[in-house]
Amino acid sequence: MACFATKQPLLLSLLLAIGFFVVAASAGNFYESFDITWGNGRANIFENGQLLTCTLDKVSGSGFQSKKEYLFGKIDMKLKLVAGNSAGTVTAYYLSSKGTAWDEIDFEFLGNRTGHPYTIHTNVFTGGKGDREMQFRLWFDPTADFHTYTVHWNPVNIIFLVDGIPIRVFKNNEKNGVAYPKNQPMRIYSSLWEADDWATEGGRVKIDWSNAPFKASYRNFNDQSSCSRTSSSKWVTCEPNSNSWMWTTLNPAQYGKMMWVQRDFMIYNYCTDFKRFPQGLPKECKL
């Protein structure tokens, strides 16, 4: 990735506006980094904090959230998705702020029947408004092993990556009147839940509870390239080498890989859905 240090004055103004200090961020284990928030025992941490699992049965799903809030960062998580007949299930992994005008950056993994591919559903919300969906298939089986899903969020762009391969970029086009998430710290959330009214083939394929409990697994959480704060902190802290990721965009090789993914594996792009937007596509689609 290329680094644009010439934008440091803008970075400084952003940091001072929120209240940043520059200190080292660290990748913690799941005990240190997350709280299990719901599921009544259906989410659990194992291996001295190195493995977390969420399960779903007919009574309830489960979920967890980060102890810290983030304002920009490169956040990695390895996931192994629900195997077998996962139709009607959703594994969500996203960042979100609070309030009615929230910001949000989404990965959602929509289950499918045995032998049929998962759908990766991505979205970006700004000020409580989303409608920026892009959906993809994967070029591997996401249930056979762990794979890395990354949100790289900085003042320039939001990059969605799978195993280091970019699949989508949402650029900061505020100068052209497009809102961009840059002022509201967000927590990381993840959950496994039932959504068979829409998740698989628009809700035509329902969940088969005879396959329960369904399980998604997590490893290797890494937030070492980030700016964050705890609930008890007023200030957001950045790791000292923040300039290595704070202004990065795709280099030509990475852009080429993203074009490969979007050509061969994208199945929905809101920027080409003219029926959905009869009054005209969203502004960022034309830039």
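Including glycine, each Cβ sits where the backbone N, Cα and C put it.
The active site, nucleophile annotation in Swiss-Prot covers Glu104. According to Swiss-Prot, the feature active site, proton donor maps to Glu108. For Glu108, His121, Thr122, Asn123, Asp131, Arg132, Glu133, Asp197, Trp198, Gly202, Arg276, the entry in Swiss-Prot reads xyloglucan binding site. Residues or ranges marked as disulfide bond in Swiss-Prot (evidence: similarity to another entry): Cys227-Cys238, Cys271-Cys285. Taken from Swiss-Prot, the feature domain 'GH16' applies to 28-218. Per Swiss-Prot, the feature N-linked glycosylation site maps to Asn112; the stated evidence is a curator's inference. What Swiss-Prot lists as signal peptide is 1-27, and the listing cites sequence analysis.
Looking only at the disulfide-bonded residues Cys227, Cys271, Cys285, the one with its C-alpha closest to Trp198 (xyloglucan binding site) is Cys271. Its own atom aside, the Cβ of Cys285 (disulfide bond) has 15 Cβ atoms within 10 angstroms in the protein chains shown. Within the set of disulfide-bonded residues (Cys227, Cys238, Cys271), the lowest number of other Cβ atoms found within 10 Å of a Cβ is recorded at Cys271. In the three-state DSSP reading, Asp131 (xyloglucan binding site) counts as coil. Take the Cα of Cys238 (disulfide bond) and measure to each of the recorded positions Glu133, Cys271, Arg276: the nearest one is Glu133.
Note: the CA-CA distance between Glu104 (active site, nucleophile) and Cys271 (disulfide bond) rounds to 19 Å. In the three-state DSSP scheme, Cys238 (disulfide bond) falls into the strand class.
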